[in-house]
Amino acid sequence: MDAQVNSALSKALLVVNCLILAIGNCGGPIIMRLYFVKGGKRIWLSSWLQTVGFPIIAIPLLISYFHRRKTEGPNTKLVLMKYPLFIAAAAVGLVTGIDDYLYAYGMARLPVSTSSIIIASQLAFTAVFAFLLVKQKFTAYSVNAVVLLTVGAGVLAMHSSSDRPKGESTKMYVLGFLMTVAAAVLYGFILPVVELMYLKAKQAITYTLVLEIQLVMCLFATVFCTVGMIAKKDFQAMAREARAYALGEAEYYLVVTWSAVIWQFFFLGVIGVIFCASSLLSAIMIAVLLPVTEVIAVIVFQEKFQAEKGVALFLSLWGFVSYFYGEIKNKKSKEEIEGQKNDSQSTEMTPIQ
């Protein structure tokens, strides 16, 4: 009975994290693009906003602490994370800061519908790094999904010039395209590294510990981006930028604030899905949400949806279907094999009358 309860709780936690990831994954790019479209220019600020909302994580951590204190007594530890895991999380956080900058640079130059499809290609990179770092097993279906997503990004690359926003030079557009690809590659590396941290940690990985890891990662990513903001004098520029913002000064600060909150949803969802399942499923969830982000971008920003985007989107969806079909088929095969083993063992244990 306890096993069934634990299984149900695990599934519920996975669903909750998938929902949190969906909010962040769809809302993050939209609100970041809104900042740039309406007059925002500061790339380091946009990078900083992706992780500066990390103090939000302190709320569930404090709730968890007081809950543990009721059962464990006054000697309950406030922080569960050990020093080696802290160092690993800090290092990943700095790499995340670099990835945030690459992504923000691309978002400043590309329409959301284009950048989202490019980011979807991170599934291919996650798959490769997951295979190398955490020995992720592949089937013909998962390989097919990776190939289709990669081809989809290639289709966009070959026809990218027709999607250039008005007033954007070809040079800056291409640079934004390359920066977004680099962000996809780097984040494809980060996800399996987080899973590897869980596997190599010399302590029990609980959801509370996962939240602590996320807090440390976002803290160091924020520190990295803060240095960039100071160097580019972004803090001083915010007041001037707010006064000239197309939506209004108050609305500028609303966009900035909600950007920090929504991006925190994304990171919490990602690390939660990795905890409940795997880095590959986390990457797949990000890619699966692509069509939703596409539709929102076209509606909100009246972005063009050319034929090459349609082809790339079709290839992406084909890849998603292929992956999930393979996973379902693989799960059924494992259940059948397990059932045959149990039947065989039952037969062997039956006494001869």
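Quick reminder: no glycine exception, Cβ is built from N, Cα and C everywhere.
Automated prediction, rather than curation, is the source of TrEMBL annotations.
As given in TrEMBL:
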- 342-353: compositional bias 'Polar residues' (COMPBIAS)
- 333-353: region 'Disordered' (REGION)
- 12-36: transmembrane segment (TRANSMEM)
- 43-63: transmembrane segment (TRANSMEM)
- 83-104: transmembrane segment (TRANSMEM)
- 116-134: transmembrane segment (TRANSMEM)
- 140-160: transmembrane segment (TRANSMEM)
- 172-193: transmembrane segment (TRANSMEM)
- 205-231: transmembrane segment (TRANSMEM)
- 252-275: transmembrane segment (TRANSMEM)
- 281-301: transmembrane segment (TRANSMEM)
- 310-326: transmembrane segment (TRANSMEM)
Ranking 83-104, 172-193, 205-231, 252-275 by Cβ pairs under 8 Å to the transmembrane segment (12-36), which is first?
252-275
Under 8 Å Cβ-Cβ from the transmembrane segment (83-104), and at least six residues away from its ends along the same chain, one finds 32, 43-44, 46-48, 50-51, 119, 179-180, 182-183, 186-187, 189-190, 193-194, 197, 200-203, 209, 213, 216-225, 228
